[in-house]
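According to Swiss-Prot, the domain 'tr-type G' annotation covers 8-282. The GTP binding site annotation in Swiss-Prot covers 17-24, 81-85, 135-138.
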Amino acid sequence: MARQYPLEKFRNFGIMAHIDAGKTTTTERILFYTGRNHKIGETHDGASTMDWMAQEQERGITITSAATTCFWKGYELNIIDTPGHVDFTVEVERSLRVLDGAVTVLDAKSGVEPQTETVWRQADKYGVPRMIYVNKMDATGADYYNCINTVRERLQANAVAIQIPIGQEDQFQGMVDLLTNQAIIFKDDLGKDIEVSDVPADLADKAEEYRAAMIEAIAETDEELMMKYLEGEELTLEELKVALRKATINNEIIPVICGSSYKNKGVQQMIDGVVDYLPSPLDIPAVKGTNLDGEEEVREASDDAPMSALAFKIATDPFVGRLAFTRVYSGVLESGSYVLNSTKGKKERIGRLVKMHANSREEVESLEAAELGAVIGLKNTTTGDTLCTEAAPIILEKMEFPEPVISIAIEPKTKAGQEKMGIALSKLAEEDPTFKTWTDQETGQTIIAGMGELHLDIIVDRLQREFKVECNVGAPQVAYKETIKKAVEAEAKFARQSGGRGQYGHCKIEMIPTEGEYEFENAIVGGAIPREYIPAVDNGIREAAESGIIAGYPVINFKIRLFDGSYHDVDSSEMAFKIAGSMAFKNAMAKADAVLLEPIMKVEITVPEEYMGDVIGDVNSRRGRMEGMDSRNGAQIIRAFIPLSEMFGYATALRSRTQGRGTYAMEFDHYDDVPKSIQEEVAGKKNK
């Protein structure tokens, strides 16, 4: 099947935002204007096309990122809808990995909110070019100029307005396009009847001021234009657009536009902005990977290159079973073909290929370079796996996911539900890499762990709804860790020689505190321990580190230097050295000033002025550390770091302290030492 749209006419982009900034509504409107939706879906009535899981429709938030294809003025747009709730950062992370550009939606009343910062940092990590759409311009308290300031201050980004609003709050009628220097006024409810006219007289000065600032910002990114600009020459519309596109793709400028998706104003202009300023697959660096020899290899976005694709999300569909959402980076992926899953080293057959439109699907013969779609029929593929041809194997860069910070015990209400629950949990863990499940060896309970209370609520909800497993749920538990404060040396000898073949392993190690991941250094000289036994010592230490000496929590942030030991010609074995390694680790830990660490959350609380003192007092009583305060639209914003263990049930406490008027958002920030008294309490409970 010949390619319908050339690569330069592709835009693969995501829509990212804080919860409630109007992201799903904005996506709905894009689908409406691009002709893929005949009736507009409203998040308020739970009728939105993008939010296709029942829990999303009930809660009015987007949980699963659905990739949708639509068309606009001769361009193919692939939109990835990403959740704005912090518990679902995994979805954002995985969608950013396969995007070329993004639109950040801000709420005109609030500007940059906590989750906006989180998502922005994630996008920085992948170097994703962005534009900003200031939504809800019709809402009371809307302030476009304040939004731009919050972007500059809190995100340290070079935000440049390319539109300014005409009126705001209930007087919002349209915008001035600063590039063309014309006013765009919306005449009807569906935003189809648009009048283009001169800039209103009362906005002329403001438009001139912002237009001059925009032209200067664009000229600064291009030497030729800068010379013209300094010589006082007029820059043409074409020159400005070309330079703005280049500066946006290079992350030098973040263009800012405005609108009200709910009122159908400004969405078409935003889609034009996506086409004009966000990159095509040819504008961004080609994807990198490693071949089987461990050498770096680059795959250009071209149908003629060997096929390589990344499975960025696994979902279970009630009608067709397992779907693997995939982006093809190079070559062509054909239905019915055999490919190699190079991450797992297994062959897979591509069953059917579908292009998703929110929750309906269109079957296709093939997916070409830069296309996104879902593969049905893959058996062994999980999130982050690479699919490629057997003739030219490659493993594309892996995705990294954070470890869970909260866990709960869960059990089925009936004996018969046990097996069903096991199958369901493993399916859910396949879909979501930040969700983990295991059996507690001591109690025999099934434990589920995730990124926050809402995350686990939704997992339990899905067990009941999709898999028909009724569960009892325990109280949430914090994922503590343990670490050490000082470097120590320790040794251990494991010797058993009583008739027959004995066991002998002996090692000396140094355990050193670090900031990073676990490291193992082999500093053995002169063959004190034979080379084949070194990995056994490492494995013994790794296993022992899963359960520390204070309260049995995993030990992190340390390095081991194995520097001496001894062996026995006959009695030494891998097993003996593994046991010696684990004994040496425990001996070292006992001397190394071990401490308990707890997850600390970054919390942002928004409250009316009159409740401020009460709420700050409450933050302090929760062992919170104040980071700062701002005021926004008559409300006070309190920023603080608070231990996760103190945040359980906070929503209810805040509601009662502020008569339902306070809101908060939190995300995991870092691990920190637990105070001595609490360490003893946690250890006491665990060691009962």
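Numbers run from 1 along the shown chain.
Just so it is clear, glycine is given a Cβ too, placed from its N, Cα and C backbone atoms.
A sphere of 10 angstroms centred on the C-beta of Thr82 (GTP binding site) encloses 27 other C-beta atoms.
In the predicted model, the domain 'tr-type G' (8-282) shows an average pLDDT of 83. Of all Cβ atoms in the protein chains displayed, 18 besides its own lie within 10 Å of the Cβ of Asp20 (GTP binding site). Within 10 Å of the C-beta of Ala17 (GTP binding site) there are 27 other C-beta atoms, taking all protein chains into account. In this structure, Ala17 (GTP binding site) is part of a beta strand by DSSP.
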